[in-house]
Amino acid sequence: MTTVYTLVSWLAILGYWLLIAGVTLRILMKRRAVPSAMAWLLIIYILPLVGIIAYLAVGELHLGKRRAERARAMWPSTAKWLNDLKACKHIFAEENSSVAAPLFKLCERRQGIAGVKGNQLQLMTESDDVMQALIRDIQLARHNIEIVFYIWQPGGMADQVAESLMAAARRGIHCRLMLDSAGSVAFFRSPWPELMRNAGIEVVEALKVNLMRVFLRRMDLRQHRKMIMIDNYIAYTGSMNMVDPRYFKQDAGVGQWIDLMARMEGPIATAMGIIYSCDWEIETGKRILPPPPDVNIMPFEQASGHTIHTIASGPGFPEDLIHQALLTAAYSAREYLIMTTPYFVPSDDLLHAICTAAQRGVDVSIILPRKNDSMLVGWASRAFFTELLAAGVKIYQFEGGLLHTKSVLVDGELSLVGTVNLDMRSLWLNFEITLAIDDKGFGADLAAVQDDYISRSRLLDARLWLKRPLWQRVAERLFYFFSPLL
């Protein structure tokens with residue numbers, strides 16, 4: 001009996017160390033950033049079982065077998081659709097401004113199409129204005145409405161949007177609604193899904209959270225896009241979820257959420273439509289390619305239009321493109337670079353690009369919320385402040401609520417707006433979308449919004465920052481070490 005017990009004990013110990021060695025080897029063999037690999041190894045060596053379970057659950061990008069197969073299967077038809085779109089040569093920009101040209105060329109090479117011109121674009125900063133405009137557009141819709149959001153929170157004006165969407169479905173408009181399972185948990189627990197389906201709306205719960213499948217797909221891989229397309233001609237995107245800020249997270253202690261949305265008319269809606277169709281097929285297996293490009297591209301006035309490129313990220317889309325786009329934008333800056341984000345946990349490369357821009361004389365400003373709804377990200381963000389301040393970067397802490405806007409402005413001409421936070425999840429994990437806009441007029445509008453944010457912010461004093469308590473420095477470094485995992 002003692003011999004059997006001893007043998008079992010040795011086998012258990014051997015299996016334990018083989019498991020640790022196997023996971024270690026797997027981490028080392030994966031092509032990943034060194035800080036991320038080191039952070040995972042530290043967790044596994046300090047808390048082996050917890051670390052191994054955590055790594056297998058969220059350490060690698062698992063879309064899931066079924067979704068991965070759909071992603072592979074959809075590309076032949078998607079590629080053909082993109083080739084057909086290229087035949088509509090009159091919608092594509094042939095040249096760009098000097099500051100935007102490198103970024104637009106990068107996107108064209110990696111995504112297969114150039115930026116589209118002739119779009120009308122309106123910047124919107126008030127949630128009431130966004131929802132009222134959206135309700136009007138829904139009421140005037142004639143063919144189809146496609147919507148995807150990370151969060152849909154019932155209450156306030158969000159319910160009015162839901163009512164207008166159901167009314168559209170009842171009068172024969174084809175309506176599709178895709179919402180992230182984790183972000184929209186309150187919606188899926190409410191009566192709204194059943195009401196919408198009964199009205200004729202196709203409602204899809206994207207990336208369902210299922211603990212039974214935690215090792216088959218990453219549970220923290222989320223559908224983070226916010227997009228609305230109407231009749232393949234009107235489109236919305238930006239940082240705003242389908243929530244009424246007056247009712248959303250009022251007990252979080254961070255104030256009202258501050259967002260930015262763009263409303264567009266023109267061929268950009270078709271370019272966004274193909275992104276939506278890919279997401280829909282990955283999630284449902286159903287192919288819903290937009291109408292042939294030569295049918296739905298409307299006449300436009302080229303001289304008064306904006307040139308826009310859509311940048312999509314996530315499994316099945318060009319890897320690392322949004323990260324490359326941000327690096328390209330930072331290195332293209334010659335006069336000034338302004339960035340706004342609620343969550344700032346940049347990669348080493350992006351941090352270096354931002355600091356280098358400041359060190360070569362570019363006026364660099366970063367606007368962050370003073371209070372954050374994520375304690376982990378809030379502390380991790382602070383760990384980068386010393387290096388940024390030393391390089392000459394101006395850090396503004398917004399005091400008018402939770403600044404949720406994600407925007408970048410380069411030299412007043414190249415603008416990036418969308419759903420992408422400057423953190424690891426947005427850069428390498430989630431389904432995201434960013435618009436790259438090459439236009440001085442839009443740049444002036446975005447600059448005015450950013451100036452308003454700055455007027456409601458406090459400039460971080462480098463001298464006072466260096467005098468902060470020791471315990472804060474220790475906490476910052478602790479969270480900094482785990483920043484590659486956030």
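Cβ coordinates are placed from backbone N, Cα and C, and glycine is handled just like the others.
What Swiss-Prot annotates here:
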- HIS224: active site (ACT_SITE)
- LYS226: active site (ACT_SITE)
- ASP231: active site (ACT_SITE)
- HIS404: active site (ACT_SITE)
- LYS406: active site (ACT_SITE)
- ASP411: active site (ACT_SITE)
- 219-246: domain 'PLD phosphodiesterase 1' (DOMAIN)
- 399-426: domain 'PLD phosphodiesterase 2' (DOMAIN)
- 3-23: transmembrane segment (TRANSMEM)
- 38-58: transmembrane segment (TRANSMEM)
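A straight line from the CA of ASP231 (active site) to the CA of HIS224 (active site) spans 23 Å.
Around HIS224 (active site), the same-chain residues six or more apart in sequence whose CB sits under 8 Å from its CB are TYR150, ASP180, GLY183, THR419, ARG425, SER426, ASN430, PHE431, GLU432, listed in sequence order. Taking only the Cα positions, the spacing between LYS406 (active site) and LYS226 (active site) is 12 angstrom. Each residue in the domain 'PLD phosphodiesterase 1' (219-246) has a pLDDT score, and their mean in this model is 92. Long-range contacts of the domain 'PLD phosphodiesterase 1' (219-246) within the same chain: residues 57-58, 61-63, 124, 127, 130-131, 134, 137-138, 141-153, 155-158, 161, 178-180, 182-183, 206-207, 209, 211, 256-257, 259-266, 268-270, 272-273, 275-276, 279, 283, 290-291, 296, 298, 315, 404-406, 417-419, 425-426, 429-433, 435, each at least 6 residues beyond the stretch ends and with a Cβ under 8 Å from a Cβ of the stretch. For the domain 'PLD phosphodiesterase 2' (399-426), DSSP puts the residue distribution at 3 helix, 12 strand, 13 coil.
Cβ neighbour count for ASP231 (active site) (all protein chains, 10 Å cutoff from its Cβ): 18. Note: LYS226 (active site) has non-local neighbours VAL148, PHE149, TYR150, TYR236, THR237, GLY238, SER239, MET240, ASN241, MET242, MET261, THR419, ILE433, i.e. same-chain residues 6+ apart with C-beta under 8 A of its own C-beta. Separation of the C-alpha atoms of ASP411 (active site) and HIS404 (active site): 22 Å, rounded to the nearest whole number. For HIS404 (active site), the same-chain residues that are 6 or more apart in sequence and have a Cβ closer than 8 Å to its Cβ are SER239, MET240, TRP257, ILE258, ASP259, PRO342, PRO369. Between the active-site residues LYS406, ASP411, the minimum number of other C-beta atoms within 10 Å of a residue's C-beta occurs at ASP411. With DSSP states grouped into helix (H, G, I), strand (E, B) and coil, the domain 'PLD phosphodiesterase 1' (219-246) comes out at 0 helix, 11 strand, 17 coil.
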